[in-house]
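Features of the protein shown, as given by TrEMBL:
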COMPBIAS  1-14  compositional bias 'Polar residues'
REGION    1-32  region 'Disordered'
TRANSMEM  39-59  transmembrane segment
TRANSMEM  71-90  transmembrane segment
TRANSMEM  145-173  transmembrane segment
TRANSMEM  193-226  transmembrane segment
TRANSMEM  246-264  transmembrane segment
TRANSMEM  284-302  transmembrane segment
TRANSMEM  314-333  transmembrane segment
TRANSMEM  379-401  transmembrane segment
Amino acid sequence: MMMTTGPSNTTSTEGYGGRPPDSPDRNHKNHPQSRFSELYTISYLIFFSLLGTLARLGLQALTSNYPQSPIIFPSLWPNFAGCVVMGFLAEDRMLFPPYWGKAAVPKKDDDEEAGSIPAETETEIDPAAAAARKRKAHLALKKTIPLYIGLATGFCGSFTSFSSFIRDIFLALSNDLSASHNTSSPASRNGGYSFLAVLSVCIATISLSLSGLFLGAHLAIALSLLFARFGLALPYRFTSRVLDRLAVLLGFGCWLGAVFLSIWPPDQHTPSVLNDLAGERWRGSATFALVFAPLGCLLRFYASAHLNGRLPSFPLGTLVVNLFGTAVLGMAWDLEHVPALGGVVGCQVLQGVADGFCGCLTTVSTWAAELAALRRRTAYVYGGASVGGGLTILVVVMGSLRWTEGFGEVKCVH
């Protein structure tokens with residue numbers, strides 16, 4: 001393990017399993033509700049991707065635009081906060097208690113089938129190992145619950161954004177980080193200071209994301225007694241019969257509402273924009289991002305589910321979606337900042353692709369959980385390949401415009 005404390009075996013949550021049975025004696029594969037599990041999971045992913053996107057955009061607006069802000073790159077706070085929630089969900093054992101379905105616990109591995117120490121004897125010999133086994137089994141169970149998948153993969157994955165993190169690294173490298181959030185142009189500097197700026201963004205984001213992951217796990221442990229005392233566990237029957245079905249209505253309904261808000265934004269006919277389309281803010285600020293957000297979240301979910309299992313010791317799916325989303329964000333940024341190209345609506349659509357599709361396609365919460373769960377050498381290789389590969393992509397994509405014609409002023413307000 002890369003680290004010895006914090007969330008237990010918080011491997012990638014980008015996976016889908018069958019619905020847990022109502023009791024341990026019931027075969028969940030033959031349960032009538034299992035036929036709708038994927039529909040419920042997709043609905044939760046859509047709904048929570050919308051909430052995660054709004055949370056990310058709102059937290060960025062709150063933490064990066066006030067005077068004399070000590071942090072000038074806006075991706076840090078959402079990545080930290082999303083990792084806190086991810087750590088809490090991964091470590092929590094009260095909201096989704098083990099009695100939701102013991103049949104969903106993963107099968108024993110080959111060593112156990114070959115005659116390893118029974119669980120009861122292991123508890124007596126090594127209580128810590130037995131507790132770790134139970135936590136791992138409970139985490140595997142939670143990954144089969146649509147609501148948990150929606151919270152961990154949908155909300156946390158959309159709340160955090162790996163592509164925005166890599167974009168901020170490139171802007172620090174090119175000395176455009178402060179200029180992207182302030183009206184004044186940054187003072188020129190040599191390459192040595194740009195290197196220090198890159199290290200600052202990398203160290204701050206990675207360390208705070210991992211710290212947030214462990215902070216969330218510690219909060220889950222601290223609140224477990226409170227949850228147990230007041231019985232705050234989610235009832236399985238209520239969740240499966242009410243919340244799951246409600247999620248179908250909320251997920252697709254809210255997504256459709258975002259489309260309608262993009263077609264007819266609330267500020268479309270206000271006096272400030274009747275003669276100046278650039279004053280229209282809703283589309284560029286939120287609504288286009290909400291339209292594209294579920295697409296990125298669903299693509300990440302299915303890509304990770306198909307690719308992460310190919311190399312059990314290396315999260316290939318998360319790496320692929322993070323790098324692909326970073327490339328798409330770089331292209332959207334270039335098109336948005338090409339001098340004398342495009343109009344206001346086109347600029348707003350590109351901003352929606354960057355904030356919504358790329359923001360939800362790429363994730364820091366799952367990435368940080370995987371770094372914490374992998375072996376030390378694999379974790380450094382995985383983290384280096386992710387950050388180094390993403391930065392290389394943006395140097396090629398965004399650098400080709402930055403160091404030739406330069407970034408032009410955007411046409412839209414967001």
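Glycine too: its Cβ is placed from the backbone N, Cα and C atoms.
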Interface check, the transmembrane segment (246-264) with the transmembrane segment (39-59), three or more C-beta pairs under 8 A: yes
Residue numbers, six or more beyond the limits of the transmembrane segment (193-226), whose CB comes under 8 Å of its CB atoms: 3, 5-8, 10, 71, 73, 75-76, 79-94, 160, 165, 168-169, 172-175, 177, 232, 364-365, 367-369, 371-372, 383, 387
Chain residues outside the transmembrane segment (39-59) and at least six past its termini with a C-beta under 8 angstroms from it: 16, 77-78, 81-82, 146-147, 149-151, 153-161, 244-245, 247-248, 250-252, 254-255, 258, 285-286, 289-290, 293-294, 296-298, 301, 355-356, 359-360
